[in-house]
Amino acid sequence: MDALQLGSYTFSSRLILGTGKFSNATVMLEAVRASGAQLITVALRRFNREQAEDDLFGPLSAIEGVTLMPNTSGASTAAEAIRAAHIARELSGSPFIKVEIHPNPQHLMPDPIETLEAARVLASEGFLVMPYITADPVLAKRLEDVGCASVMPLGSAIGSGQGVATAAMIEIIIRESGIPVIVDAGLRSPSEAANAMEMGCSAVLVNSAVAVAGNPPEMAEAFAEAVAAGRKAFRAGLMQKSGSAIATSPLTAFLGAKG
């Protein structure tokens, strides 16, 4: 079985789905089911058992095979992210935490210094830390060294739909990493997800591309199929690129044939 291993957890699906931006909870839940995703990320503010209409914890937990990964979206410092992680673990019981620290709402780029500090503390406390980062190979290695379960470099800015603009740096991270590398943010189409998997990414996280699609459940299914195809292609081994044409059939054998 070609499974995604995160800590002691094993997942057959390599598509991770976010839960923001959907028009309503019903559509979101339909998309989760259609995707077959087993790891679902949820903002801490959506854990609200006292307000059923705002709570996603109960409905998502009821889906068989789903593991929740709370995130610290909204945190602007390591201290805020650590506090959010503690609350999230208490509410959800999940050891996973996606560390998101982006202090500037104009571009939502993750703060590398605060992210590394939060990851160091949370990993030492037994969390399975999944940090959202810029595609920085040096930072990715430092996060691995402090005990993160994976690194999640951005493909492009959150919600931008610009695809994997950081492919060259992500390829370096993949080569040097001893933990799963998961592309997070910026994906617009299933073909981009397939390309990320063909590069050797362990998984992809998708949210906006599914949530704002004309038919979110159908798009979720399309992403699932693309991720599976990309992974299969990576394992099969892609042909090498060439700077010139290479014939697939003999070009000269027939010239010596007698009519």
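Cβ atoms here come from the backbone N, Cα and C positions, even for glycine.
For the 1-deoxy-D-xylulose 5-phosphate site, Swiss-Prot lists A185, G186, N207, S208; matching the candidates G159, G200, G230 against that entry yields G159. K98 (active site, schiff-base intermediate with DXP) and N207 (1-deoxy-D-xylulose 5-phosphate binding site) are 14 Å apart (CA-CA, integer value). Excluding G159, A185, G186, N207, S208 themselves, the residues of that chain whose CB lies within 8 A of the CB mean position for the 1-deoxy-D-xylulose 5-phosphate site are, in sequence, G18, A157, I158, S160, G161, L187, V206, A209. Here the candidates are the binding-site residues G159, A185, G186, S208, and by Cα distance the one nearest K98 (active site, schiff-base intermediate with DXP) turns out to be A185.
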